Amino acid sequence: MTGIKKGKNKKKNMKNDDRYKELDSLITNGSEIGNNSGRSCVKRFFKIIGNEMKNNVYVYLLSILYLCVCVMNKVFAKRTLNKMGNYSFVTSETHNIICIIVFQLLYFIYRKTSSSSVYKNESQKNFGWQFFLISLLDASTVIISMIGLTRTTGNIQSFIMQLIIPVNMYFWFMFLGYRYHLFNYLGAFIILITIAVVETFLSFETQGENSIIFNLIMISAFNTLSFSNMTREVVFKKHKINILRLNAMVVLFQFFTSLLVLPVYNIPFLKEIYMPFSEMSTNINNGLRCLFYGENTIVENCGVGMVKMCDNCEGAWKTFITFSFFNICDNLLACYIIDKFSTMTYTIVSCIQGPAITIAYYFKFLAGDAVRKPRILDFLTLFGYLFGTIIYRIGNIILEKKQVIKSQNSNDSEAELTSIETSRA
């Protein structure tokens with residue numbers, strides 16, 4: 001049995017080695033590339049990309065699906081805020097209730113349809129504090145993001161989202177011991193430079209509904225989001241836990257932990273959303289009437305540059321339900337990608353959603369009143385992000401190759417030890 005197992009591992013490693021031969025010829029053998037024509041290098045480069053996509057077709061199809069869901073989630077989150085941005089607490093808690101019902105129902109169906117042994121083994125493990133920590137971090141992220149989105153325009157929103165990449169890289173390097181290749185840093189640097197150039201151009205434009213303070217609030221949400229992703233990484237890698245169970249329990253905790261973040265609405269310097277506790281019950285009542293009955297309450301002394309946004313509650317429930325649907329799909333796909341692949345894959349996919357969101361704002365049937373006119377700057381930004389992502393992915397491929405070689409050397413050493421022990425016997 002040992003010989004058969006070693007033979008299978010050797011065959012698998014040989015297959016993986018074939019996958020990286022083209023990469024070696026392009027990256028490692030620099031002198032050979034220098035002697036080839038530019039056309040040959042470009043042809044070889046695209047051949048590597050083709051082989052990469054062929055060998056990971058499932059990953060890329062899943063990534064495209066997740067990308068589409070992410071874009072729709074962010075677009076309808078913004079449309080929901082445009083309709084009832086004065087009632088962020090109401091939309092957040094109502095969304096939590098919907099998620100509780102959906103995830104608990106899905107997990108109940110899973111328990112009934114799965115084998116008893118699988119469910120018994122999983123239910124014996126207690127992840128109480130992990131669930132609480134993830135839910136607390138997610139609740140903080142949702143609340144802070146909702147606050148930031150109230151005065152963050154579509155283009156700025158999509159560009160700020162890309163800052164999650166260096167933030168994730170830093171936290172995973174410091175706390176999870178991730179080690180990156182030079183190409184990972186280069187890819188992230190290209191993306192950051194693209195962001196800097198875009199922000200420089202946009203800073204000369206007049207954007208009345210954009211607020212630097214709220215941009216910074218939205219950026220601060222990345223800290224809690226990164227810690228939440230790290231906790232999920234530890235739970236998925238060290239413990240085998242069902243995705244439905246994770247989301248069902250986390251959203252249940254999140255319904256209560258989000259109440260702990262409630263005092264943020266009472267911070268005086270947040271003038272646009274400042275709401276004393278004495279007005280909380282009135283705000284909740286008006287928010288529910290806006291969501292379910294389409295009644296506008298705040299219609300005077302409101303709008304761009306004013307303390308309050310004007311209510312636009314007609315059809316708010318349709319927009320809100322659509323947002324909840326895509327947000328639930330977003331959570332499930334994100335957990336699945338982290339579970340089956342890695343947080344690196346999740347980071348790469350998250351990178352592309354920025355320019356994708358920007359392009360989505362070109363279409364009125366998606367963006368609604370927040371529709372934007374196409375600009376050359378947006379397409380240059382998309383090119384910069386894609387180029388940085390490709391460089392980032394090449395770094396991952398090189399790291400994967402090193403792991404394969406390390407695993408092959410380890411298997412060869414074990415085979416030699418087994419052979420020596422057999423000869424001695």
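Using the three backbone atoms N, Cα and C, a Cβ is placed for every residue, glycine included.
Swiss-Prot has this to say about the protein:
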TOPO_DOM  1-56  topological domain 'Cytoplasmic'
TRANSMEM  57-77  transmembrane segment
TOPO_DOM  78-88  topological domain 'Vacuolar'
CARBOHYD  N86  N-linked glycosylation site
TRANSMEM  89-109  transmembrane segment
TOPO_DOM  110-126  topological domain 'Cytoplasmic'
TRANSMEM  127-147  transmembrane segment
TOPO_DOM  148-157  topological domain 'Vacuolar'
TRANSMEM  158-178  transmembrane segment
TRANSMEM  182-202  transmembrane segment
TOPO_DOM  203-210  topological domain 'Vacuolar'
TRANSMEM  211-231  transmembrane segment
TOPO_DOM  232-249  topological domain 'Cytoplasmic'
TRANSMEM  250-270  transmembrane segment
TOPO_DOM  271-318  topological domain 'Vacuolar'
DISULFID  C290-C313  disulfide bond
DISULFID  C302-C310  disulfide bond
TRANSMEM  319-339  transmembrane segment
TOPO_DOM  340-347  topological domain 'Cytoplasmic'
TRANSMEM  348-368  transmembrane segment
TOPO_DOM  369-378  topological domain 'Vacuolar'
TRANSMEM  379-399  transmembrane segment
TOPO_DOM  400-425  topological domain 'Cytoplasmic'
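Where the transmembrane segment (182-202) meets the stretches 127-147, 211-231, 250-270, 348-368, 379-399, the count of C-beta pairs under 8 angstroms peaks at 379-399.
In the topological domain 'Vacuolar' (369-378), the DSSP tally of helix, strand and coil residues is 5 helix, 0 strand, 5 coil. Summed and averaged per residue, pLDDT over the topological domain 'Vacuolar' (369-378) gives 76. Same-chain residues at least 6 positions away in sequence with a Cβ under 8 Å from that of C290 (disulfide bond) are, in sequence order, K83, M84, Y87, V90, N296, T297, D311, C313, A316. In this chain, the transmembrane segment (89-109) does not touch the transmembrane segment (211-231); fewer than three CB pairs sit within less than 8 A of each other, excluding pairs fewer than 6 residues apart. Here the Cα atom of C310 (disulfide bond) is found 8 Å from that of the residue listed as 'N-linked glycosylation site'.
Within the chain, the transmembrane segment (319-339) has long-range Cβ neighbours (under 8 A, six or more residues past its boundaries) at 62-63, 65-66, 69-70, 72-73, 76-77, 79-80, 83-84, 91, 94-95, 98-99, 102-103, 229, 232-233, 236, 243, 246-247, 291, 345-346, 349, 368. Each residue contributes its Cα atom, and for the residue listed as 'N-linked glycosylation site' and C302 (disulfide bond) these two points are 11 Å apart. In terms of local Cβ density within 10 Å, C313 ranks first among the disulfide-bonded residues C302, C310, C313.
All protein chains shown were included, and the count of other CB atoms within 10 Å of the CB of the residue listed as 'N-linked glycosylation site' stands at 24. Below 8 A, the CB atoms of the transmembrane segment (348-368) and the transmembrane segment (57-77) form 3+ pairs separated by six or more positions in the chain. C313 (disulfide bond) falls outside any helix or strand according to DSSP and counts as coil. Sequence-distant contacts of the transmembrane segment (57-77), counting only residues of its own chain at least 6 positions beyond either end whose CB sits under 8 Å from a CB of the stretch, comprise 149, 157-158, 161, 319, 322-323, 326-327, 329-330, 333-334, 336-337, 341, 345, 348-350, 352-353, 356-357, 360-361, 366-367.
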